[in-house]
Amino acid sequence: MQWYLVASLLTILTSSQGILTTLSKTNGRYRYDYATVPFLAEVFKLLVSSFLLWKEIQKSPPPKMTTDWKSVRLFPIPSIIYLIHNNVQFATLVYVDASTYQIMGNLKIVTTGILFRLFLRRKLSNLQWMAIVLLAVGTTMSQVKGCGEASCDSLFSAPIQGYMFGILSACLSAFAGIYTEFLMKKNDDTLYWQNVQLYTFGAIFNMARLLLDDFRNEFEKGPWWQRLFNGYSFTTWLVVLNLGSTGLLVSWLMKYADNIVKVYSTSMAMPLTTVLSLFLFDFRPTLQLFLGIVVCMMSLHMYFAPPSMLIDLPKMLNEDSESLLEVYVDRRTDSSR
């Protein structure tokens, strides 16, 4: 399967994620425990990956699976990073409002590019760096409200702790993605075996979170397994399936593409979400949103288009370059004699 097909499907699922979550509300509130959704999504991913692994094992020769502890012990680390990231998110929201936090979250686009270069040793061209920065600018522009509103003034009035936690949150989010890509590509193990390891630990950590919430609330609503499906509707199950399917597509991209493709796939969900929201909700797009989408589309073209499409050299300049190259080759030939 081509990576751009998977990336397109990820964009569609990501754009529908927020819409399905909104539709799952009843009278503006969740009738179910939203913390159970990530847990069930992890279980769904684990079941699907286990089934696909079982199907692959039936083939000959069997797939490669590294089972030594030195390799397996690396797979809980992404779950631990995301657990820390979730706590940092709550700490950030203590100091900044939701709009400021959403805007600061776009820093993870740039930090992903930086960590992509530092840890994975993947070199990016100057045009690609410019495209990544443009993507961050475009997504931020689309989220900025009118400057006459009070929320615009709050963007630069938060305490310094809020900005520090926001930067830390962006770095943790980017590092979790980079580390997951490292795990997926460090050996030739089958994708499904790697997924089974990832999602096993993911389900364990999400279950631990549900149990911790019970202890914090002193089991006021009973243990989490008794209310696991309380308030679930057909739309809620679609949210679970959407979140689980998104995770499976992300793991495929981590194995066969890279983090930057994933970042663009999720960022390009913004224009699609806008179009769907126009028909489903009473949504009125702003000028900032429209300009942000245009900048993001320009960034997409800059990053993935061949350089020859971005730099249109004049015909005479091309001919001069070819003649200079011929002279250079002739001189190299003469000097080697």
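Each Cβ is built from the backbone N, Cα and C atoms, and glycine gets one as well.
Bear in mind that TrEMBL entries carry predicted annotations, made automatically and left uncurated.
Taken from TrEMBL, the feature signal peptide applies to 1-18.
Taken from TrEMBL, the feature transmembrane segment applies to 34-54 (among others). Away from its own ends, the transmembrane segment (34-54) comes close to residues 63, 190, 192-193, 195-196, 199-200, 202-203, 206-207, 209-210, 213, 224, 227-229, 236, 239-241, 243-244, 247-248 of its chain (Cβ-Cβ under 8 Å, at least six residues beyond either end).
Away from its own ends, the transmembrane segment (74-95) comes close to residues 101, 104, 158-159, 161-162, 165-166, 168-169, 172-173, 175-176, 179-180, 183, 194, 197-198, 200-202, 204-205, 209 of its chain (Cβ-Cβ under 8 Å, at least six residues beyond either end). Feature annotation from TrEMBL assigns transmembrane segment to 74-95 (among others).
Same-chain residues lying 6 or more positions outside the transmembrane segment (101-120) and placing a CB less than 8 Å from one of its CB atoms are 89, 92-93, 129, 132-133, 135-136, 139-140, 143-144, 155, 163, 166-167, 169-171, 173-175, 177-179, 181-182, 258-260, 263, 267. The feature transmembrane segment is assigned by TrEMBL to 101-120 (among others).
What TrEMBL records for 127-144 (among others) is transmembrane segment.
If you look at the transmembrane segment (164-184), the same-chain residues 6 or more away from its ends with a CB under 8 A from one of its CBs are 74-75, 77-78, 81-82, 84-85, 88-89, 91-92, 95-96, 100-101, 104-105, 107-108, 111-112, 114-116, 119-120, 191, 194, 198, 251, 254-255, 258-259, 262. Sequence annotations record features per position, and here TrEMBL assigns transmembrane segment to 164-184 (among others).
Among residues of the same chain six or more beyond the transmembrane segment (196-212), those with a C-beta under 8 A of the stretch's C-beta atoms are 35-36, 38-39, 42-43, 45-46, 49-50, 53, 72, 75-76, 78-80, 82-83, 180, 183, 224, 247, 251. Marked as transmembrane segment by TrEMBL: 196-212 (among others).
Here TrEMBL flags 232-254 (among others) as transmembrane segment.
Marked as transmembrane segment by TrEMBL: 261-281 (among others).
The annotation transmembrane segment is assigned in TrEMBL to 287-306 (among others). With a threshold of 8 Å between CB atoms, the same-chain residues lying at least 6 positions outside the transmembrane segment (287-306) that come near it are 127-128, 130-132, 134-135, 137-146, 260, 264, 267-268, 270-271, 274.
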